[in-house]
Amino acid sequence: MKYLNYDFIAPSHLHYLKSYRYKGTDQSLLYNHILSPLADFCLRFVPMNVAPNVLTLMGLACIILPHILYFFVMGDNFAGFIPNWLLWLTALLHMLYMNFDNLDGKQARRTKNSSPLGMILDHNFDSMIILLQGTSMTTAMQFGNTIFSVILYIIPSVPFYIIAHEEYYTHEMNLPVINAASEGTISVAVVFAATAYYGCDMWVQKLPWFFNYQINQFVMLMFITSLIIIMPAVFLKIKKFTSITSLLKQLRYFFLFNIVILYSIIFSQSNVIQNHVRAYMYTVGFTMSKAVGVVALNHVSNQKLPEYQNSIYIYVIIFLNTISGQILGQTIINEGFLIQFAATASFLIHIHFLYNVARQISEALNIKIFQINSINK
């Protein structure tokens, strides 16, 4: 395994890990009056020897399970009839994930096992959940094997990535009264429950009072509108610590790989997304998850953010291949093969990142990842 080792934190910055303390607040009424009290109640039944990272992993498992079930039930069809039991199960497991997501931090404080590694894993797993649950959600909403399935994933990834930068620059995460972590996450469970109750056909019904848009198209438009409304406040917070120009420079990589993916879909010579929408979502999703992890890692270690990451070469190849198809009428590399390769590479790069972050931080702090290091009653 030593040949896979790579230190993402410079030796001169390892000492910052020992002094790191997470700072943040959640002003959501839903969180403070329902979700947090529920987590406090459930915490009574969590043994003191259960590590916080175990709870974080259990939350991720609640999303991975329905994701796998969707694959076996639906295959690579992102539209069509979905059994009610699967929709209700997804809604229930999503609520359980939310509870685990609140429990891990409470358990960390209760056992005094908070660590920068726990924060990185929590943020990184949450970003993965946007991808994994996004594939299920776009199927429930009947977007099908189209570019809209990818766009539905990209919409929530934008604020998630930018808010990660807010935490990097401000050194704290303060969530407003209505936020994506609480109300936004609950809305995902509502989507699955509503689909189970009203049926999948609900999403393709047209709204005569809104330009004959389908309900799923109208909801996507509302998502985009809410994004436009909330983002200026985040930029204003960050502006107090760095210039908007500097921030946009740091966001170039994120916008670049999303634009390349959308460009390659729009100008595909073989309409490759029809058979490989999952590969497109995996490619951009795991790239985003690693990018979020890199921001969190550099936050806890007080390092400068890189302008780009090595995954950019994957997108350069995808872009040039798409251009070749526009010029020659046929791409140099088979588009289906290339996007499947890109998806596999993005996944492995992300796993490599998680492995090395966990290894380096656990060694630097002399802590165990999935075990309690010390219990303080």
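Yeah, the Cβs are placed from backbone N, Cα and C, and that goes for glycine too.
Curation plays no part in TrEMBL annotations; they are all automatic predictions.
Taken from TrEMBL, the feature transmembrane segment applies to 54-72, 78-97, 146-164, 176-198, 218-238, 250-267, 312-333, 339-358.
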Distal contacts, the transmembrane segment (176-198) - CB-CB under 8 A, six or more residues away:
26-31, 35, 82, 84, 87-88, 90-91, 94-95, 98, 133, 136-137, 140-141, 156, 159-160, 163, 233
So if I exclude everything within five residues of the ends of the transmembrane segment (78-97), which remaining residues of that chain have a CB under 8 angstroms from its CBs? That is, six or more out.
59-60, 62-63, 65-66, 69-70, 129, 133, 135-136, 138-140, 142-146, 149, 185, 188-190, 192-193, 195-196, 200, 277-278
